[in-house]
Amino acid sequence: MYKEKDFDIIVVGAGHAGCEAALATAKMGLQTALFTIYLETIAQLSCNPAIGGLAKGHLVREIDALGGIMAKVTDMAGIQFRMLNRSKGPAVWSLRAQADRILYNIYMRKILESTENLAIKQAMVEEIVVENGKVKGIITSLGVFYGAKAVIITPGTFLNGLIHIGLDSFEAGRAGEFPSKKLSESIKKLGLKMGRLKTGTPPRIDAKTIDFSKTEEQGGDDPPIPFSYSTKKINNPQVPCYITYTNEKTHEIILNNLDRSPLYSGKIKGIGPRYCPSIEDKVVKFRDKSRHQIFLEPEGLSRKEYYANGIPTSLPYDVQVAFVRTIPGLEDAEIMRPGYAIEYDFVYPTQIRHTLEVKGIEGLYLAGQINGTSGYEEAAAQGLMAGINAALKIKKQPPLILGRDEAYIGVLIDDLVTKGTQEPYRMFTSRAEFRLLLRHDNADLRLRDYGYKIGLVDEETYEEFNKKKELLQREIKRLKTTTIKPSEELNKALIEAQTTPVEEATFLDKLLKRPELNYDFIKKFAPSEVTLTKELEELVEIHIKYEGYIAKQMELVERMKQFEEKLIPENFDFNIPGLSREVIQKLTEVAPRTIGQAMRIPGVTPAAISILMVAVQKKTTVKK
């Protein structure tokens, strides 16, 4: 075995989790090595060429607020931006961007290669070296040992990856790339319980063979709203997507060929994503639906490939061709790449801590699909937090654990380590109890201070943020302390807006709280002395309009804090008289760090929590 130089931190896998982890640790001043099987596929958009979407957009904004990179690269590579759910309340507004697959890879690699303290290595990592419960480094397929104080594993779908197209299957981590088999064996040897998951991707269509006149064009927002708080302008040309639908003929072909589907023949054992089902699943489970929506998404400005979002499939190639050509606009479609399903190994995430460090193995961190999640954004968020916490531990500083009331990232990680998952986990706004506090628009107000404190947000960015915060507070104060007197012009405008006129001097915030009025109306009659950006105006309006609801959620957060702050001692014995065997087993497996976390474990009843609280109180009293 050949011994190479040591690093502070080694990151294995250069997907979305790995890139965030490596950049975070390097920016925090630690010597970092990022290992990838193939340099050309760094930050590959393996499935759809898009970032964000419902709740996922929140994660990207939070990554940006903490000092991560995904939002900035998306803005550099974005070719269409849309704010989703505008017709609903601001808590569920989410930004989504179509990204140029080639540009995304180019910009991310350029950033990685220009980052100090970061070395990038093309090598197959096969073994994690652990001695006396502490990570020591990794060994590559060439027998090279690299030492490290911490190792972050972010392998995506590569652990024992197996691709299925019809009844044919072959080993791969992604189409055309080697799987990682020995690394999976190494993880199992460490005693970690592993399972099998599955995901899928649709066929890609040659644009020259699509009749777009038979589809519905869907453009983006104009002007486009960037993901990153630092981005001033989107520079790429913006292009549309196109909508079409399956039909009964499509469904008939699929149903007639289920015997050739690896999903329905029993060949695939892994559990697939509930919220991103294959077209086979949709047709079988929703037989009452005569059609399913398809979004034709451009893969990039320099590519003639379209991603057929809505028809992920693992049916044989000939069946894919047959059913695709029944779809309006795709009658003459040529498939450039067939759809496929991929099975891969994952680690049951109740075996990791909130820091994403593996319980019982000091210095080993897991992030991304290995923890049972699906999606680029969920992976990137975990990668960032694993990197931050690995760096903080080496620096002998307290960990950064985000609460469920602070960030969707906090909800994501707490769900994984507390509840675990048996299927690919996807983030939704409905998973957050405090979603009115965790809005897309206020991610920087929630998290920027953390990013600055740990060293991921630079002075200039932080200064700009503080100026924005000051302007926001000043304008809210002005609206709360300034009155407007009745006038003929004002009351005429109020009547036109279908709201009641004012008869006496009224505070501006009271007017703005009216559902019929917006900030533009207030600005017309009582403009601010300082010009606010559109983003700030929106933030002011949301704060004023939802002030009462926000206050109620804050009260609930404060009530819950008593449980979140009630710590359970390390290595606590949950074998408590009065608890059922099932509850003891669940508490022992998860090893919650607080009473609040214990309350969220499925199957742990309120009665069990009462018994646990008494036992914890006794233990802490005895210690004192």
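Even glycines carry a Cβ here, placed using N, Cα and C.
Small disclaimer: the values here were computed from a predicted structure and weren't measured.
The FAD binding site feature in Swiss-Prot is assigned to Gly13, Ala14, Gly15, His16, Ala17, Gly18, Val125, Ser180, Gln369; the stated evidence is sequence analysis. Proximity of Val125 (FAD binding site) to non-local residues of its own chain (separation of 6 or more, Cβ distance below 8 Å) is seen for Val12, Phe35, Ile138, Ile139, Thr140, Ser141, Ser180, Leu183, given in sequence order. Classification of Val125 (FAD binding site) by DSSP places it within a strand.
Per Swiss-Prot, the feature NAD(+) binding site maps to 272-286. DSSP classifies Val284 (NAD(+) binding site) as helix under the three-state reduction.
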Under 8 Å by Cβ from Gly15 (FAD binding site), counting only residues of that chain that are 6 or more apart: Ala43, Gln44, Ser46, Thr154, Gly156, Gly368, Tyr376, Ala379
Gln369 (FAD binding site) - helix vs strand vs coil (DSSP): helix
Candidate with sparsest Cβ neighbourhood (10 Å radius) among Ala17, Cys276, the listed binding-site residues: Cys276
Pairwise Cα distance maximum in Å, FAD-binding residues per record: Gly13, Ala14, Gly15, His16, Ala17, Gly18, Val125, Ser180, Gln369: 18
Densest Cβ neighbourhood among Glu280, Lys282 (binding-site residues), 10 Å radius: Glu280
Shortest C-alpha distance to Gln369 (FAD binding site) - which of the binding-site residues Cys276, Glu280, Val284: Cys276
Fewest other Cβ within 10 angstroms of its own Cβ, chosen from the binding-site residues Gly13, Gly272: Gly272
Nonlocal neighbours by CB distance (under 8 Å) for Val284 (NAD(+) binding site), same chain, sequence gap 6 or more: Leu255, Leu258, Tyr264
For Ala17 (FAD binding site), the three-state class that DSSP assigns: helix
